[in-house]
Amino acid sequence: MKWEISKTFRFEAGHRVWKQNLTYGRGAQFTKEKPVNKCVNLHGHSYVLEVTVGSDTLSEQDMVMDFYHVKNALKGLIEEIDHSFIIDVNDPMYPELKDVAEKYGAMKIFPVEFCPTAEALAKFFYDFLKKRLEEAGLLGEVKVVKVVLWETATSKAEYKEE
């Protein structure tokens with residue numbers, strides 16, 4: 001891409017990485033003591049999402065795309081996910097948390113069909129924005145270059161298609 005622009009969003013959300021087990025899998029060989037699987041607990045983050053779109057050409061306004069339009073392409077999703085609890089519908093806790101949310105209105109549930117790790121959420125936002133560009137007839141002119149999702153100040157995940 002000759003030109004790229006990035007737009008940053010912030011939102012608060014909870015999640016649970018129900019598949020986390022630090023005793024095996026990639027990287028387990030670096031663990032010397034018995035690890036604590038903290039991310040299986042219900043917890044939250046102040047997420048920072050950065051989306052980058054690009055093009056080999058500029059519009060008649062000399063832009064890849066106006067930042068205003070990038071913001072509006074994601075605005076509805078960001079509003080929906082903000083202050084929600086992101087949970088995999090396959091998580092064993094999902095039925096009970098859904099019942100609690102419905103019974104008491106105490107929790108805004110955002111169900112997904114994947115374990116909501118930072119990596120999986122980055123791909124989720126990438127796919128969502130790509131679909132929005134396609135629906136608008138812009139996908140040939142503008143491409144989603146990458147999505148970066150910061151879960152904490154020191155931990156991020158990045159997704160891009162090759």
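Just so you know, glycine gets a Cβ as well, placed from its N, Cα and C.
Taking the Cβ of Cys39 (active site, proton acceptor) as reference, residues of its chain lying under 8 Å away and at least six apart in sequence are, in sequence order, Arg16, Val17, Gln20. According to Swiss-Prot, the active site, proton acceptor annotation covers Cys39.
According to its DSSP assignment, His83 (active site, charge relay system) is coil. With a cut-off of 8 Å between CB atoms and residues at least 6 apart in sequence, the same chain places Phe11, Glu12, Ala13, Lys108 near His83 (active site, charge relay system), listed in sequence order. Swiss-Prot lists His83 (among others) with the feature active site, charge relay system.
Secondary structure at Glu151 (active site, charge relay system), taken from DSSP and collapsed to helix, strand or coil, is strand. If you look up Swiss-Prot, you'll see Glu151 (among others) marked as active site, charge relay system, on the strength of similarity to another entry.
For His15, His43, His45, the entry in Swiss-Prot reads Zn(2+) binding site. Long-range Cβ contacts of His43 (Zn(2+) binding site) within its own chain (separation 6+, distance under 8 Å): Gly14, His15, Arg16.
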*Remaining residues near the recorded Zn(2+) site, that is with C-beta within 8 Å of the centroid of the site residues His15, His43, His45*: Ala13, Gly14, Arg16, Cys39, Leu42, Gly44, Ile86, Glu151
*For Glu151 (active site, charge relay system), which residues of its chain lie six or more apart in sequence with Cβ-Cβ distance below 8 Å?*
His45, Tyr47, Ala118, Ala157
